[in-house]
C-alpha cells in the first residue's frame with residue numbers, strides 16, 4: 001500500500017473503473033442526492049491523490065523468461081543455442097525510473113542458469129543481482145526463480161545477460177530505462193530510439209570452448225564473427241542476408257543505444273560519413289561531445305545521437321565494428337557491418353529495388369592497437385555535474401586500496417600436459433595475485449546467515465603483498481595464489497581504489513565491472529601509479545560515472561565510490577576468458593543502522609546449490 005493513500009493500487013483501479021462513469025451519470029441525473037454527490041466527489045479526490053502517488057511510485061512490469069534451446073543459423077552454420085524465449089539476441093526489457101520489475105526465469109535446459117541485470121544497483125535487493133555462486137545458487141533444470149527489484153535513481157541504457165560460465169554468448173538483451181514521465185532528456189527528444197547490441201557468433205559450443213581451455217590450460221579458441229543485433233553482416237562469407245539494416249529518414253535525430261555484449265573484445269564503432277554525439281555512458285548522462293568513432297568495452301553501454309543528413313544522400317553507408325586489441329593472445333580479427341539506409345523520398349523515382357545500385361561508403365576505424373585513440377576518447381567523458389544531475393563524488397576517502405590486475409600462471413596437475421605460457425603451467429589471472437575460486441554455496445547466503453566459515457575469508461589484501469615494478473620487467477615467479485577472499489566494508493564507507501595493470505605475461509587493457517554500484521573515474525594514467533604525485537591531478541568535480549571501466553594497458557585507473565548498498569558485490573574483468581581464469585573478487589558491505597540501510601531477507605524461491 002502506498003504512503004498516505006487509504007486504498008491499495010488494486011482497489012484504486014477498481015474504484016476508477018466503477019466511479020468514473022457513475023460521476024458522468026450523476027451530472028445527468030438531478031434526482032441523485034446532494035449528499036451522495038459530495039461522497040462521490042470525495043471518493044474521486046482520494047482516487048486522484050492515490051493515482052498521483054502511484055505515478056510517483058512507478059509501475060509494476062512483469063516479464064517471463066523461458067530458457068530454451070533453439071536452432072540458429074549464421075555463416076551457413078546451424079547449431080542449437082540456449083536462448084530466452086527462443087530469441088537471439090534475447091527480448092528487450094523496457095521500464096521507467098522508479099518501476100518495479102518482476103521477471104520469472106524458468107530453466108528448460110540441462111545447463112544451470114542465472115541472469116544478471118547489468119548496471120542495476122539492486123539497492124537492498126542483492127538477492128536478484130544474478131552472478132552464480134555470488135548472490136545466488138544457479139537455477140537448475142526444471143526450476144524457476146523470480147527476480148523482483150525496483151529501479152531506483154537510474155535511467156538510461158543497460159542490459160541483461162547470463163552470469164554463469166560462458167552462457168552469455170547467446171543469453172543477453174537490452175534493458176532500457178526511460179526517464180520518469182515528469183522528467184525530460186537533457187537533450188532534444190529524438191525522432192526514434194534504436195538499441196544496437198554487439199555480440200559474437202561461435203560456430204562451436206562456447207561451453208565446450210571454455211571447458212577445453214580450462215582443461216588444457218591454454219588460451220581458448222576465438223569467435224567466428226562479431227554481430228550487430230545478432231547478425232554478422234556482409235563482410236563475412238555466407239552472411240550477406242544476415243545484415244542489420246538501420247533505416248532512417250533525412251533530417252532527423254536518432255538515439256542509438258549501443259551495448260557491448262561480446263564475450264572477449266573491446267570494439268571500435270563508426271558509421272561512414274556521419275558524426276555521432278555521445279550523451280550517455282553506462283546509463284549516466286555525460287557532457288555531450290562529437291566523435292566519428294566510439295570505443296566500447298564488454299559490459300559498457302554508450303548512448304549517441306545520430307543526426308541524419310538534411311537531404312536524401314542518394315547513397316548507403318556501412319556501420320562497422322572491430323576489436324581494440326592490446327594483449328598478446330589470439331583474437332577474432334574480423335569486422336562486423338550493418339547498413340544505414342535512408343528512406344527514399346516519395347517524390348523521387350527511386351525504388352527500394354535500386355538500393356543495390358547506390359554507392360556504399362565504409363568508415364575508417366582506428367588501428368587495432370590504437371591506445372592513443374582509446375585514451376583520448378576516455379578523457380572526453382565527463383559527468384553533467386549540474387543541479388539536476390549532480391556528480392556526488394566522495395571528496396574524502398575512508399579506505400584506500402591498490403589492486404594489481406594481472407595475468408599469471410598456475411601449475412599443471414600431475415601427469416598432465418598443459419598448453420600454458422610456459423612448460424608445466426596453465427594460464428591464470430588474479431587481483432593482487434589472488435585468483436578467485438568460486439564457492440559451491442552462494443556468498444550472499446553465507447554472509448546473510450552468518451555461515452561464512454569455510455566458504456570465504458574476509459582478508460583480501462588491500463594492496464599487493466609483494467610490491468614490484470608493475471609495468472616494468474615482470475618478476476620471474478608468475479604463479480598466482482588461489483582462494484575465495486573478500487573485502488569487508490562498513491556501511492557508507494567512502495572508497496578509493498587504484499587498479500593497476502601489470503606487465504606479467506604482457507600488458508593488456510582490462511574492462512573491470514563492479515556490481516551493485518556506480519563509481520567515479522577520478523584519474524588514469526600510464527606506468528605505475530604514484531601515490532605522491534598522481535592524486536593531485538584527480539578530477540573531483542565532473543568525473544564520468546560508470547559501472548565498467550577499462551584499466552589502461554600498461555597503466556592505472558582510479559575510482560571512488562560510496563559503499564551505501566549492503567550485500568555481497570562481485571567485481572571482475574568483463575573479458576570472459578579472464579574471469580574464467582580467476583580475475584575476480586567480491587566486496588561485502590555490511591548493513592547500516594537504519595531500516596533502509598539493511599539488506600532485505602531472501603525470497604522464498606531462492607535456488608539451492
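Positions of Cβ are set from backbone N, Cα and C atoms, glycine also.
Automatic, uncurated: that is what TrEMBL annotation is.
Feature annotations, courtesy of TrEMBL:
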- 67-180: domain 'Plastocyanin-like' (DOMAIN)
- 193-343: domain 'Plastocyanin-like' (DOMAIN)
- 467-591: domain 'Plastocyanin-like' (DOMAIN)
| field | DSSP-assigned states of the domain 'Plastocyanin-like' (467-591) in counts, ordered helix, strand, coil | value | 10 helix, 60 strand, 55 coil
| task | Using DSSP, tally how many residues of the domain 'Plastocyanin-like' (67-180) sit in helix, strand and coil. | result | 6 helix, 58 strand, 50 coil
| note | Whole-number mean pLDDT, the domain 'Plastocyanin-like' (67-180), equals 98
